[in-house]
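S.K.: Input: one structure, supplied below.
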2 protein chains.
Amino acid sequence: MRIDLQRLMETINTSAAMGATENGGLHRLTLANEDTEMRGTFVHWLETAGLEVTVDDFGNIYGRREGTNPDLSPVVIGSHLDTQPYGGKYDGVIGVLAALEVIRTLNDEDIKTERPIVIVNFTNEEGARFTPPLLGSGAVIGDLSKTTVYDTKDAEGTRFETALYESGYQGEEVHRLREAHAFVELHIEQGPVLEQKQKSIGVVQGIQGLAWLTVHVKGEADHAGTTPMSGRKDALVAASAMVTALSRYAASVEELVITVGTLQVAPSAPNVVPSDAAFTIDMRHPDDHMRKGVPMAIRKIIADTSKMYNVDFELETKYQAETVHFPERIQNVLLKETSSLEYESEKFYSGASHDAKNMSSIAETGMIFVPSVNGKSHHEEEYTNDADIEKGANVLLRATKRLADENE
Amino acid sequence: MRIDLQRLMETINTSAAMGATENGGLHRLTLANEDTEMRGTFVHWLETAGLEVTVDDFGNIYGRREGTNPDLSPVVIGSHLDTQPYGGKYDGVIGVLAALEVIRTLNDEDIKTERPIVIVNFTNEEGARFTPPLLGSGAVIGDLSKTTVYDTKDAEGTRFETALYESGYQGEEVHRLREAHAFVELHIEQGPVLEQKQKSIGVVQGIQGLAWLTVHVKGEADHAGTTPMSGRKDALVAASAMVTALSRYAASVEELVITVGTLQVAPSAPNVVPSDAAFTIDMRHPDDHMRKGVPMAIRKIIADTSKMYNVDFELETKYQAETVHFPERIQNVLLKETSSLEYESEKFYSGASHDAKNMSSIAETGMIFVPSVNGKSHHEEEYTNDADIEKGANVLLRATKRLADENE
């Protein structure tokens, strides 16, 4: 029992034409014309595969293949068809289209499963046109209220509900996914781990937790010409020393990543010693105990550096998310099917968030990663080898069948 | 022969009321109502002191005290009465008002000088309302064209000429200062040197040269969660290492100052590893040979750091100014008069620019600095002790008399 790679790649290439960019990428923002066109094609494919298609009130599209025991909760597989601006054609798209390929293969082989299988395309996973990201899955599990979702606006002021209505994909609340026996999402890795380890299959252990902190460094503004180096309280020099110290610290702790993605300076004139520097810290580690200790280490680095440079600081924690751990049981199903296919796998935590994070609150959840060439993601040059896509889809096929045959 | 400190302080305090801020500072932008009010009072003081008042077509105000030999070129003394936004009440203001006190003292003592003495208040030295700074003195020496000066606009779009006309201080071209035997400017130091050395009088050797450079660091944007520390090309981490290395380097070279006053990051999202960082470098050293070598050292620091952090860079020199050296002869006059008064002096280069820099192109020029408490300048807390103002004014008095009695 294997998927048909040629058919899957044709599907991926057809998708890649709807929002294709000059440089070989994909620009398909949520509910824009390209996304609506893709949705139409996707629904057609679902219907042709004999699935019962429904759309919920957030535009999430479902295709249901009935099980021999329709009273059992379904196994749900899928991801999202939207992209980042000038993003790639793989990302979550292959998770939805590999799910379709799973159904087609089961159909071809005339294989019945005990449980229903539901394919899902979640709306606005990327959060590029509408914020927040993971919108469709977050709404379905009740993490986001309908009012919040409907009132969110794009950069041009268009309400989500308006865009949804105009696309023709405003379905009904009754169709929301309420329960699932399991949820499995195939996605590209978006990082370099699999490529570096030369493995084709990533079995995702969960979504690593993160903390967002802000640091405000307070020094003193001075004249760039008249203030000797020794008398300065330069907020930017101090902040720079903090940035490099944080980077060195992160590199010294396994699996820890720390990113300073924004930094503002005031008064911001070439001939004035900066009085203020403010920056953000994004810190991620899969181990919650570890991650809770890191902010203390960060505080020590910031405090020591402040002292050294004779400046003051304020450090605030703005946001924290616990690590989501996917159940061992689903990981083991994925590992077992991977080795039965004689593929090599690597277990690790996802640094990025995914719809699977939301789904894990209502279903036993797992994720399969396939390699990103050069680790590129959210980029027109994003690429995954056909052979790896084939392997990922085969693992998804076997795991789906196995989970759908579980009758308790 | 001594100035009258009480009278001088009354003059300074009267000035300090025209644009006084709640925190004891002075907010007197060029040709704003406060500046116009100050100009009116100043002209009244000049006339009361028996001076011949003229105004040129840039609003520079002159008060001439005739010499016994009116055919000789004048000795010019003065500075500027405008301030930075929420600046201090001393700055250049005391240079103009001490010049007035010099005239009043000569009048009281009935002292005649061979050469005429001219007091000047230059328009828009600060460049806070209109750019560029040193506008009035730059225009008088022909460094700025009349068109450039008249067309420059403030932040609200008001042309300089309009503001000048409406203030009533648009005088005539014929009154421009064309020649001078010498120019002497008293000013606060705006830095910590005199305070640290516990000296009351700074004899300024010149205006130190400077270079402005820009650095653009090019790395690669990556996902903050999925990219391990070791695989990153983080433009901000690299730029931060450059900023701290430049600061350390500057601290290691005597009299060198390097300031990174602005820094921008892109794409500037908390969860994206920065692909770009751009910053400015302001570098000053009084020795031109030295200063010309420094950019090479800076390039090496930038290049080595780029290599270490696996990023690319572009470095450009945007602006360079040679050091202006004031003639030894004027420095010696100032030093001699300082020691005849038994005051202690320190010779050094000014890190900031002044109208004296422009005047040095048409006259033998010197500057007297008095201490800034805590080195504060362009700040409401700017302060200079009365005793130091008295000393500075006495040196100005004696030096002016000496120079005005030179007949060749």
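Even glycines carry a Cβ here, placed using N, Cα and C.
All annotation found in TrEMBL is predicted automatically rather than curated by experts.
In case it helps, TrEMBL gives these features for our protein:
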BINDING   A:HIS80, A:ASP91, A:HIS187  Zn(2+) 1 binding site
BINDING   A:ASP91, A:GLU126, A:HIS378  Zn(2+) 2 binding site
DOMAIN    A:206-306  domain 'Peptidase M20 dimerisation'
S.K.: Name the residue among the binding-site residues A:HIS80, A:HIS187, A:HIS378 whose Cβ has the smallest number of other Cβ atoms within 10 Å.
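M.R.: A:HIS378, out of the binding-site residues A:HIS80, A:HIS187, A:HIS378, has the fewest neighbouring Cβ atoms within 10 Å.
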S.K.: Using a Cβ cut-off of under 8 Å to chain B, which of the binding-site residues A:HIS80, A:ASP91, A:GLU126, A:HIS187, A:HIS378 qualify?
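M.R.: So the ones by chain B are A:HIS378.
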S.K.: Could you round the CA separation between A:GLU126 (Zn(2+) 2 binding site) and A:HIS80 (Zn(2+) 1 binding site) to a whole angstrom and send it over?
M.R.: 8
S.K.: Beyond A:HIS80, A:ASP91, A:HIS187, what residues of that chain have CB atoms within 8 A of the centre of the Zn(2+) 1 site's CB atoms?
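M.R.: So the additional residues around the site are A:SER79, A:TYR90, A:GLY92, A:VAL93, A:ILE94, A:GLY95, A:VAL96, A:GLU125, A:GLU185, A:ILE188, A:HIS354.
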S.K.: Nearest to A:HIS378 (Zn(2+) 2 binding site) by Cα, among A:HIS80, A:ASP91, A:HIS187 (binding-site residues)?
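M.R.: Result: the closest of the binding-site residues to A:HIS378 (Zn(2+) 2 binding site) is A:ASP91.
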S.K.: Please work out which residue of A:ASP91, A:GLU126 has the most C-beta neighbours within 10 angstroms of its C-beta, and give that one of the binding-site residues.
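M.R.: Going through A:ASP91, A:GLU126 one by one, the largest Cβ count within 10 Å is at A:ASP91.
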S.K.: Compute the mean position of the Cβ atoms of A:ASP91, A:GLU126, A:HIS378, which form the recorded Zn(2+) 2 site, and then list in sequence order the other residues of that chain whose Cβ is within 8 Å of it.
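M.R.: These residues sit around the Zn(2+) 2 site: A:ASP82, A:THR83, A:GLN84, A:GLY87, A:GLY88, A:GLY92, A:GLU125, A:ALA128, A:SER377.
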